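Participant: Okay, so TrEMBL annotates it like this:
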type: BINDING; residues: GLU40, CYS62, HIS503; note: Mg(2+) binding site
type: BINDING; residues: CYS59, CYS497; note: Ni(2+) binding site
type: BINDING; residues: CYS500; note: Fe cation binding site
Amino acid sequence: MKIDIGPVTRLEGHLNINTTVENNIITDAKSMGEMFRGFEVFLLGRDPLDAQQITQRICGVCPYAHAIASSYAQEAAYRLRTPPNGRILHNLIQGANHLYDYLLHFYQLSALDFIDVTAITGYTGKDRDLTHLKEWVNHALGSGDSHPAAPFLPRLSGTYVTDADINITALKHYVESLEIQKKANRASAIFGGRFPHATGIFPGGCTRPPDIDAISSYQALIHEVKHFIHHKYLPDLLAVAGAFPEYWHIGQSKGGFMSYGLLPFGPEPDSPRLLSPGVLIDGKVETVKTGAITEDVKFAKYSSPSGLKVTQGRLTPAPHKEGAYSWVKAPRYGGHVLEVGPAARILVDYLQGGNETVKQLVDRFAGMADIRPEQLNSVLGRHLCRAVSAVVIADFLLDQTEQINPSAPFIPEIKIPEAGEGFGLTEASRGALLHYIRIRNYKIDHYECVVPTTWNCSPRDDTGRPGALESALIGTRVEDPAQQIEANRIVHSFDPCLACAVH
Ligand code: NFE
């Protein structure tokens, strides 16, 4: 039986998932990106310094990650010497955006897969937010309208958390988290400019001086976000995990993992990062080699050649190409299928003995769940790894604010060369993000983005192997083949952004 479960909601962009279900088991899955965009085409011929502005428009959720990847790529192409303050400001902007994004993903995009929003109808307290929510849901349940109370209802059939306290507490935090997300974005905006598309980010630094007022405002906001992470986000996540322990084993991808490493300690291109980079294939972590990345298009809607390296990338749309089922390309690493994102980021760091707090948290939570760290590529593992990332990022950002020298330079003089090229590698919230720029005659001659959701939601490659999300869906048992709440939970655990994936 073939069933489309798309358009999948509570994610960014246009994703359809085509499943084949036999005896309640998903025996095949196709991840279909349903939109063409073409940023790499219209960047050609532009001033290179436009790139970190234009590529932010790829996405309204992770724009800063694109600006930072583009800035790193340009720093390499211009051979810029980035001042320490410049790198710190990049980190402060990008890191706060991660915190915003993890909260958005957990509460608004995923929590209601598990939390029973109808539990609010039994609420008898006096909290204003919850009373409002109760009226909203009560009205919706009685209205008979098929889309009565978005974003809360309708919902898929399945089992939800039964404990009223867990449900009500998480719903309260669902509402509160919106204010906290705003604070994280305000923190980024202090140095980068207003969310979502910051005008202040440049190669090597930012346009806003890091004076004492700006630093202390940033610190105050991040302290509030950190408090929410420790006292609300982590406990809510663990409560969900306690109610659905089977999801430590559901939704496991069947390839390797890659992280480019997140948040450099210093200004140099090869500075160690808060979370270390690496590729994990067959149990071994290796150094990332950008030359090993290729993009297949046999099943993607492009007529340009398949299997090209990043430096050769081409993009000729072919909407009616036979056999093609997605606008997302299929990136591979030396031919390997890779999962990127929070689980990859944490696992690659953990297995290299990187961050001490990561090690402690992973050991603690893996012990509680009775899983091996290698099993973090599950629905709950991905959620947990976002929370672990949030904990270490918040501390790192506060520490970085102490490293700023307010009287030192915060942006270098930028001189665009006649010719040059550079890679920019960072971790967006959703995973490994690469930008490549080549400059000829002072203009952009070639620009390529290989984006987290392009890896995770990739279609088959030329040899027919499914992408990470497709492989995570195949083999899953679904109670109700028409609705497939289990598949939706798997998709959401990857936090796909199709706007980014097709760029
Ligand atoms: Ni549009 Fe993005 C992130 C990037 S995902 S959200 O995080 O890059 O592919």
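Backbone N, Cα and C atoms are what each Cβ position is placed from, and that goes for glycine too.
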Participant: Give me the CA-CA distance between CYS62 (Mg(2+) binding site) and CYS500 (Fe cation binding site), in Å, as a whole number.
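Facilitator: One finds 9 Å between the Cα atoms of these residues.
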Participant: So, in DSSP terms, is GLU40 (Mg(2+) binding site) helix, strand, or coil?
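Facilitator: DSSP call for GLU40 (Mg(2+) binding site): helix.
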Participant: Using Cβ-Cβ distances, find the residues under 8 Å from GLU40 (Mg(2+) binding site) that belong to the same chain and are at least 6 apart in sequence, listing them in sequence order.
Facilitator: GLY313, LEU315, TYR447, GLU448, CYS449, HIS503
Participant: Quick one: Cα separation, the residue listed as 'Fe cation binding site' versus CYS59 (Ni(2+) binding site), in Å?
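Facilitator: Between the Cα atoms of the residue listed as 'Fe cation binding site' and CYS59 (Ni(2+) binding site), the distance comes to 6 Å.
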Participant: For CYS497 (Ni(2+) binding site), just give me the three-state DSSP call.
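Facilitator: The three-state answer is strand.
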Participant: Inside 10 Å of the Cβ of CYS59 (Ni(2+) binding site), count up the other Cβ atoms and send me the figure.
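Facilitator: Here the count is 25.
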Participant: I want to check the contact list for CYS497 (Ni(2+) binding site): same chain, sequence separation of six or more, C-beta distance under 8 angstroms. What comes out?
Facilitator: LEU11, GLU12, GLY13, CYS59, VAL61, CYS62, ARG430, PRO452, THR453
